[in-house]
Amino acid sequence: MAGKTLYDKLWEMHEVKRRDDGSSLIYIDRHILHEVTSPQAFEGLRLANRKPWRIDANIATPDHNVPTTKGERQGGLEAIADEVSRIQVQTLDENCDDFGILEFKMNDVRQGIVHVIGPEQGATLPGMTVVCGDSHTSTHGAFGALAHGIGTSEVEHVLATQCLVAKKMKNMQVRVEGKLPFGVTAKDIVLAVIGKIGTAGGNGHALEFAGSAIRDLSMEGRMTICNMAIEAGARVGMVAVDEKTIAYVEGRPYAPKGADWDKAVKLWQDLVSDDDAVFDTIVELKAEDIKPQVSWGTSPEMVLAVDQNVPDPAVEADPVKKDSITRALKYMGLQANQAITDIRLDRVFIGSCTNSRIEDLRAAAEVAKGRKVAANVKQALVVPGSGLVKQQAEAEGLDKIFIEAGFEWREPGCSMCLAMNPDKLGSGEHCASTSNRNFEGRQGAGGRTHLVSPAMAAAAAVTGHFIDVRELIQA
């Protein structure tokens with residue numbers, strides 16, 4: 001009998017009942033809530049006269065709509081200019097108060113992006129099932145957890161029953177072997193993976209990232225990779241538990257303590273795929289072949305190494321691909337065969353649930369130190385992923401480095417990742433962004449998004465165009 005994958009093990013641990021139609025009832029250990037996808041779910045509970053099944057399994061924070069300037073934050077709810085945004089944040093506060101759910105409110109130092117605060121607080125643990133009304137919940141899979149996004153109706157279902165109906169996915173292993181070259185990061189790995197398999201490559205699969213290059217990554221790097229499993233077409237991304245996982249979790253506020261900790265660690269050590277586990281699909285990359293990546297088009301799969309040129313639709317034989325390239329070039333305001341390094345930037349955004357943790361900010365600060373934001377860059381934002389990340393960065397003096405270089409140092413939130421708060425692109429503006437999606441209008445109507453790592457974003461900010469960051473930093 002073949003061994004089990006990590007996904008197989010997590011599924012079996014949480015399968016309450018197998019149904020006749022092939023789906024299963026799955027128990028949910030952790031439910032994370034934010035202001036955008038939860039209001040209707042709470043209203044559904046009220047209308048049905050229900051209460052949350054397990055209050056302590058839920059944790060909440062506002063992130064999508066919150067303003068990130070200090071002045072607006074200090075003004076509290078009334079300072080949120082957009083009425084819908086203000087109502088959503090206020091409604092989350094009221095719902096959590098009414099139902100007794102732990103919430104880190106807008107000006108709590110523990111507030112932040114949902115996928116930053118869960119791991120940071122130890123609310124995300126190995127072996128858990130974790131859900132949230134947000135597609136990038138796959139981030140939490142970095143801890144050897146089964147984590148995925150859910151819709152608003154499912155948010156209500158989890159609140160009411162602590163279970164979900166789901167169908168088991170296929171298994172895909174993405175193996176990245178070897179040592180990453182200097183200056184190449186987790187963000188570059190996952191962009192290279194998406195460039196290789198496409199945004200539909202992981203459809204119907206749970207992705208397990210493995211190999212020596214993945215094991216060498218920090219937990220923060222692993223979170224970046226799992227975060228963008230969704231852009232590879234998968235609902236789930238995960239990394240097996242090892243000593244780095246356990247070291248990261250130990251001592252965090254909601255992690256087990258004492259004898260419970262010892263017991264948990266013993267259980268977590270089995271959260272790896274067996275040596276003889278069978279995967280439906282295996283994708284392999286050599287770490288040494290990966291260079292700093294830059295997305296050029298309107299899909300995350302439209303990505304190239306920084307030393308390449310954007311494609312020419314005239315030489316594309318596939319009519320569908322040809323049309324896609326032509327449309328993307330037009331929207332992005334680029335010319336066929338244009339060098340990536342010739343793309344000039346109007347704005348730079350360092351933040352999001354993909355890249356707003358302390359290691360991300362350190363990497364960007366290393367590039368920014370002693371330099372100035374280029375004259376053609378109208379705005380360069382640095383938005384920490386949580387109040388605690390911000391606090392730590394300030395203790396290390398990173399805020400001063402950014403401010404002296406001409407960056408804006410902001411309060412935590414989703415910010416310019418998506419156009420749901422005051423931080424937006426103007427039409428036609430090019431932005432080097434450490435976020436996860438570059439769809440048309442994602443950062444603002446007509447905005448042109450280029451996905452990069454934090455170091456590459458900082459390099460673009462200080463030079464005004466894309467450049468291989470390795471030209472600016474020392475090995």
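Glycine too: its Cβ is placed from the backbone N, Cα and C atoms.
Matching Cys353, Cys431 to the [4Fe-4S] cluster binding residues that Swiss-Prot gives (Cys414, Cys417) identifies Cys353. Excluding the listed site residues Cys353, Cys414, Cys417, the same chain places Asp63, His64, Ile113, His136, Gly351, Ser352, Thr354, Ser356, Gly413, Ser415, Leu418, Ser435, Asn436 with Cβ atoms within 8 Å of the centre of the [4Fe-4S] cluster site Cβ atoms. It is Cys353, among the binding-site residues Cys353, Cys414, Cys417, whose Cβ has the fewest other Cβ atoms within 10 Å in the structure shown. When secondary structure is read from DSSP and collapsed to three states, Cys417 ([4Fe-4S] cluster binding site) falls in the helix class.
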